[in-house]
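Enquirer: Per TrEMBL, the feature domain 'Thiamine pyrophosphate enzyme N-terminal TPP-binding' maps to B:4-117. Per TrEMBL, domain 'Thiamine pyrophosphate enzyme central' is recorded for B:195-330. Here TrEMBL flags B:398-548 as domain 'Thiamine pyrophosphate enzyme TPP-binding'.
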C-alpha cells in the first residue's frame, strides 16, 4: 500500500542524506520525495511516499524518528488527509489536452507548433492517469514535484 | 582567555572528564596533536592502527560505562576507523570519534588524504558533526557526548577540517550548563499503564522466562534485574551481550540463549508462556526462524529504543523506557499487586528446566575428566582459565569458536566483565579492547581470549602494549584454522575446507610475542595447560601470550538448526539433533 510520510527535520547540511540513506539501509524504496524549509526556515518539511505493509511503515517511521536531526514524523495515510502533486510537462500537440488541463487545474505556459509546456496539479493518482492519457508518442519531458500533503481538519504536524 | 580550535577541543574533552584518547596522528590532525602536547588532562595512547584506536576506546567504554574517545586523521585514518565505529554501533557503545579533515577550501576537490567521513560513516553512527565554525567546537563536543551516552547509546563522529584548528585563530571557550536538543528527547520513564499490564501478565504466568540483553548492562540495571528476580524467582537467560547482567552462578540462571545457547535456555524460550525481554533485540542469532519463535508466549518487551520493539517479533506489551527505571517501576507494581504468582506452576517449570539441564546441559566439569581426545579441548582451556582467574578477570574476546566457548564456560557474575563484539562480530577486536580495559583497571586481571585467526587482525597492538606497559594476558586458542568457518563447512559443505586453513604458514607466536618485547608461552600437551596458565598469571607485570594448541576437530554445541528451525531445534553434538 502507498504511504505518505511527512517529516520535520532540522535544516542542516547532511540532514536530508540521513533520511534518504536510511531508506536504502533498511531495504525500503522511496517513490517520491519533496523537501523545503518551512516557518522560520530552521527546519524543513519532507514528504516521502513509499510502499509497504503496516509493519514496514511502522519500522520506517520509528527508524526515521531515531535520526537525531528529525524532529517529528507522521504517516499521513494513517488518517484522512489531503495529497497533491504538481507537474510540468512538455509535449507535442495532443487533442486530449483541454480535458486534462481542466481536470488538473492546468495552465499553459508556452505554446508553439512543435512543443507545448503546461503545468498542472492534483492528486498523484490523477496525475498518473493524465500522463498515460497524453501518451508516450507525444510526451517530451516531465518534471514532478512528488507528493505533498497535510492532515485533514485541525490535526497539524508542527513544532 | 581565548583558545585555538585544537585547544578548544582539548578543553571541551577535559570538561567531559575524558581520561584517555586513543589515536594516531596525521596531517589533518596535526594542530590537534599540538594541542594534546600542551595539556595534561587527557592521556593520548598511540595505537598502531586506527582500527585499534576505536576498539580500545570501545573496550574502555564497555568496561567503565563511560564514553570512549578516539582521534584519527583524515582519509585512511578515517577509513581505518570505520570497522571500529560499526562494531560500536551494532552493540550500542558510546564512542566519540574525532577525525581530522582536509582544509575547508579543499573539501570536494579530491585533495590528498581526503575522504567524506560524514558520508562513509553515516549508516554506522548514531550521529555525526562537521565543524563549520571553530567557535562551535565546545558546543559540538558537548552535544556529541550527550547524544553518544543517552537514550540508546552509540558512536558519534566529529569531523574537523584542519583550518578550524588553526593555532593562530583564537576564540572564547563557552560551555553550556545543559544540553537540550528539540529533535532528540529519549524516553526515560515507562508508561505506567504498560507496567500494570506487564505486571498482570507476569504474575499470572506459569512458564515465564526473563530474557535479558546488553541493554541491562548499558543501562546499569543489573541490580534492578537481580532485585526483580528475587521477587518473582523465574528462570533467566542472558544474550551474548547480556552475560554478567544476571549472575551466572545464580540457581535461576540458565546460561546464554540462541545460536550457541544452552539446551535449557533455548527450550525454556520455546516453551515459555510469558517472555520478559529486557534490553534485548530479538536478533536473528537468538530467534532462529522468527515465524516459529516461541509459539505460546506473550511477549513483554522493555527497551529504550522504540524501533527495537516489534521489529522482528511482535511485542504484546511494549514498554519504551530506560531499563533501570522500567524494571524499578515493574518491581514497585509487583509489590503493590494483589495477584500472586502460582508458585506450584513455577516450581514445576523450574524443575522442568533442571531436567533439561541434566539431559543436555553443558558439562562444566569437563576439565576434571578424562576424555578421548589426545589433544586439549578448547572448552577445557576456558574452564581452566576460569579457575586460574577465580572467575574474576575482565575477559575480552575476538570472534569465532573461542568466543562462544568463553560465553558458554566462563561464568560471568558481574556486569561489564565480558567484552566482545556481538552484533558486528569483528575479528581483531579482542586485543585493542583489552588495552582499553587494562588502562581503566590497571590493577585487575585482563585477559584476551582469542584465536590464531583473530589475533592476527590486530596483532600490531602488541607494540602499543609495550609502550604503555599493559600486562594483558592473551590466551590464544590455536586450532590452526578458522574454526567457526570450518565448523560450518563440516556441517553444511561436506567438509570442504575452502580457504579456512593455513597450518603450514602460521607464525611462531612465541617468537613473535618475544620480538614485541613480551613473554610467549606455548602449550601443546594436556599436562602443561594448568601449570602454564598459573605461570602466566604469576607474571603480574608482563604481557604474556599463551599459545594453546587445541583439538582442531572440536565444534561448538549446542547449535540451532537452520534454516527453518525453531529455538527447540538444536544440534547438541556432531551427530545428534534434537
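Every residue number used here counts from 1 along the chain in the order it is shown.
The backbone N, Cα and C atoms fix where each Cβ goes, and this holds for glycine too.
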Enquirer: For the domain 'Thiamine pyrophosphate enzyme N-terminal TPP-binding' (B:4-117), how many residues does DSSP put in helix, in strand and in coil?
Expert: 55 helix, 20 strand, 39 coil
Enquirer: Summarise the domain 'Thiamine pyrophosphate enzyme central' (B:195-330) as counts of helix, strand and coil residues per DSSP.
Expert: 52 helix, 27 strand, 57 coil
Enquirer: On the 0 to 100 pLDDT scale, where does the domain 'Thiamine pyrophosphate enzyme central' (B:195-330) sit on average?
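Expert: In the predicted model, the domain 'Thiamine pyrophosphate enzyme central' (B:195-330) has a mean pLDDT of 98.
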